[in-house]
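A.B. asks: These came from Swiss-Prot, pasted as-is:
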type	residues	note
ACT_SITE	Cys126	active site, proton donor
BINDING	Lys22, Asn23	phosphoenolpyruvate binding site
BINDING	Arg102, Arg131, Pro132, Val133, Asp134, Leu135, Lys172, Val173, Ser174, Val175, Asp317, Ile339	UDP-N-acetyl-alpha-D-glucosamine binding site
MOD_RES	Cys126	2-(S-cysteinyl)pyruvic acid O-phosphothioketal
Amino acid sequence: MDRIRIVGGNQLHGVIPISGAKNAALPLMIASLLTDDTLTLENVPHLADVEQLIRILGNHGADISVNGRRERQGESYARTIHFTSRNIVSTTAPYELVSKMRASFWVIGPLLAREGKARVSLPGGCAIGTRPVDLFIEGLTALGANIEIDGGYVNATAPEGGLTGGRYVFPKVSVGATHVLMMAATLANGTTVIGNAAREPEVADLAKCLNAMGAKITGAGTGTITIEGVRSLSGARHRVLPDRIETGTYAMAVAMTGGDVILEDTEASLLDTALEAIRRAGAEISETNSGIRVVRNGAGIRPVDIVTDPFPGFPTDLQAQFMGLMTKSSGVSHITETIFENRFMHVQELARLGAKISLSGQTAKIEGVGRLKGAPVMATDLRASVSLVIAGLAAEGETMVSRVYHLDRGFERLEEKLTRCGAHVERVSD
């Protein structure tokens, strides 16, 4: 099993290209099931979750071809992938596939809308809280679907004549459920209005692609999305937006170690709240023609309190990384997690590096320490794993991160990107 070995103490200097967003690519790939034409996606990252979803879509009958090109020697791949689901050969998404990645559950929306039925296993993925599917079920029921849960599967059927537009207000914001309901509503009869919809950039990106396919969606990126159903969707070509979580992660890495790095092919507007928190912590951040420049020279890391919130608030997917940054601050900071009830599993691993963190409910108190010291640590989920890498970059000596398959689910060629900026990071196999 692979591990990541880090020898800390080096500043980061150079250029890091930002990959396409995993959280945008996955729903875009699933949207290909809505049409019998070809959907072409550009800037798709090479990640374990993407490969798993390719297998799942193939199970439903999608014909998939990948054209990869290496953009820079030694760095990442930006891929163009063509999806053609001319015939849906199966409306069942089995446990052995869905259990490995939560987002694969989202196929329920397109399958139900296009084929009138879907049988999808309850999902897997990162073990962060319960993450129930109730909101998905309630939203699809509002479009006329009949849904039952039996034997670990969600069985959904549409009424004769297909789904019907309706109005549904989410009792709490859900990005995944917003994706699913929006996709299903594109082929429903009549108009659907989604209230308290997720405002994340990835939702707006999905709507942009669906509209290019012939959908009629307005309001994506706001709290109210309106979808006028159409009879069918056609193919399209769409470029996946930059990964704001990867952008924020590397910005925090520079703030942690010190240095001067250009984050290329990304946009500051995708993560304004997170960038402001990093500025308050002591980094200088400016926009360039090609992306974002992050600099921290000399000044120490200042303590900053944050609260995670749905977009445009501070992203929960950057909470663990920011906690890593705060372990080296000059005072006491607090991080409150409002999205997931069990997203502090990285605390005990950061403590192995010398961090001083205490928990009270959904709030973590971080007392900055003068130095961290390398140690063996274990990744518990995707974002927690990269927080350990960031901390290891600033720790004295060697840090060895195990269970890095979590990293491979969401960060494309992380060790290569960091190494090119002067970090001592390498992948080792047992």
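The count begins at 1 with the first shown residue.
Note that Cβ sites are derived from N, Cα and C of the backbone, with glycine treated the same way.
Would you situate these features in the structure and describe their surroundings?
C.D. replies: Under a cutoff of 8 A between CB atoms, and with a sequence separation of 6+ in the same chain, the neighbours of Lys22 (phosphoenolpyruvate binding site) are Pro45, Leu47, Asp49, Val50, Asp243, Ile245, Arg409, Gly410.
Mapped onto three states, the DSSP output places Asp134 (UDP-N-acetyl-alpha-D-glucosamine binding site) in helix.
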A.B. asks: Are there any residues in the same chain, six or more apart in sequence, whose C-beta is under 8 angstroms from the C-beta of Asn23 (phosphoenolpyruvate binding site), and if so which?
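C.D. replies: Within the chain, Asn23 (phosphoenolpyruvate binding site) has Cβ neighbours under 8 Å at Val175, Glu200, Glu202, Asp243, Ile245, Asp317.
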A.B. asks: Say we define neighbours as other CB atoms within 10 Å of the CB. Which of the binding-site residues Arg102, Lys172 has the fewest?
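C.D. replies: So among Arg102, Lys172, the binding-site residues given, the one with the fewest Cβ atoms within 10 Å is Lys172.
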A.B. asks: Could you check what DSSP calls Asp317 (UDP-N-acetyl-alpha-D-glucosamine binding site) once collapsed to helix, strand or coil?
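C.D. replies: Assignment for Asp317 (UDP-N-acetyl-alpha-D-glucosamine binding site) reads helix.
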A.B. asks: Which number gives the other C-beta atoms within 10 angstroms of the C-beta of Asp134 (UDP-N-acetyl-alpha-D-glucosamine binding site), all protein chains shown included?
C.D. replies: 12
A.B. asks: Provide the number of Cβ atoms within 10 Å of the Cβ of Pro132 (UDP-N-acetyl-alpha-D-glucosamine binding site), excluding the reference atom itself.
C.D. replies: 11
A.B. asks: Near the Cβ of Ser174 (UDP-N-acetyl-alpha-D-glucosamine binding site), how many other Cβ atoms are there if near means within 10 Å?
C.D. replies: 23
